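Listed features, source TrEMBL:
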{"type": "TRANSMEM", "residues": "72-92", "note": "transmembrane segment"}
{"type": "TRANSMEM", "residues": "104-126", "note": "transmembrane segment"}
{"type": "TRANSMEM", "residues": "132-152", "note": "transmembrane segment"}
{"type": "TRANSMEM", "residues": "164-187", "note": "transmembrane segment"}
{"type": "TRANSMEM", "residues": "207-225", "note": "transmembrane segment"}
{"type": "TRANSMEM", "residues": "254-279", "note": "transmembrane segment"}
{"type": "TRANSMEM", "residues": "291-309", "note": "transmembrane segment"}
{"type": "TRANSMEM", "residues": "321-340", "note": "transmembrane segment"}
Amino acid sequence: MAISSAERHWQAVRTPRWQALPVLLVAALASLVLACVTGSVPLSFSELLQAASELSKGAQPSLAASLLDLRLGRALTGFITGATLSLAGVLMQALLRNPLADPYVLGISGGAAVGALATILFYGAFWMVDLAAFGGAITVALLLFALAYRDLRGAGSSDGSAPLLLLTGVIVAAGCGALITLMLSVAPDSRLRGMVFWMIGDLSNTQSRYLPWLIGAAVLLFVMHRSRAINVAAMHADNASTLGVHIGRLRQSLFVCAALLTASAVSTAGSIGFVGLIMPHACRFALGPDHRLLIPAATLAGGSFLVLADTIARTAIAPQQLPVGVITAIIGVPVFLLQLHHLRRR
């Protein structure tokens, strides 16, 4: 007898592949180590250990210790940025019930870009860019929440999707895109390069920050606590309330979490594409749809992916550096097309 898609989904949820998590954790640690030893001045493993010892003791840092300090800070920033983007992608796909959704689909990143580019253009104050980007993203998120509240409270279409939210996000993103184009058109040459680099996504000027880690950890703990409810909503959106899941509250919480993650990531490193799209999709393809496993797996995979992409960006044409967004796009496009090809065959 043929097995329905819902039955296959339920079978995948009942048998999560938990053994993948230790592998992804080791891969994450390996990506951080690789980022620390790789660069225009490479470090051996023994030099890495000695430099780590010097930094931990607070001694006068050697060249190796200084390099480790710089590279580790950048690698950790890249990891949390990739992890939050990937986690935001998982939540956005669950919210919209669309595996092709990503953190940028609702225009939240556009709001961040408007805030950041306006600050660079009118004030030239790069120290304000992160705050302006975060504020712009939160402003757009609040606007979307107000305009699409009916969908977020669970009164959307009968299949559990959120068409009003998606359409509103597309329109807001288009408006932000127009403002971005206008600012880039009138920007003087002295500020245009910095604006373009921010738009592409770049980790070269980032510093270790605590806010992205706090937001990422808080959201991760919350959504892991709600992962069973997300599974129920994904499989039985029509009658989730009869199974003990308040679909409206769940949607609202997913939207708020995804908005915070996106705002945090974009304000930290700019608009880095494809991380929040291909990593959740790849993890779902490889490990199944169970959000109890998918959420931590995509978080680790996204962080590792961006660290490796940034390592390539630093070393591909050293001593010059490429924007990491260029590398994620070069890798992401063929990977995503391959995923779509396998999806069609299935």
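Please read every residue number as a count from 1 along the shown chain.
Glycine residues also receive a Cβ, built from the backbone N, Cα and C atoms like all the rest.
Outside the transmembrane segment (104-126), and at least 6 residues removed from its termini, the chain residues within Cβ reach (under 8 Å) are 92, 96, 132-141, 144, 165-166, 168-177, 179-180, 183-184, 186-187, 191, 194-195, 198-199, 205, 258-259, 262-263, 266-267, 270-271, 273, 276. Touching of the transmembrane segment (291-309) and the transmembrane segment (164-187) is ruled out by the presence of fewer than three CB pairs under 8 A, sequence neighbours closer than 6 excluded. Beyond the ends of the transmembrane segment (207-225), by six or more residues, the same chain brings 73, 76-77, 80-81, 83-84, 87, 91, 130, 253-254, 257, 260-261, 264-265, 268, 291-292, 295-296, 299 to within a C-beta distance below 8 angstroms of the stretch.
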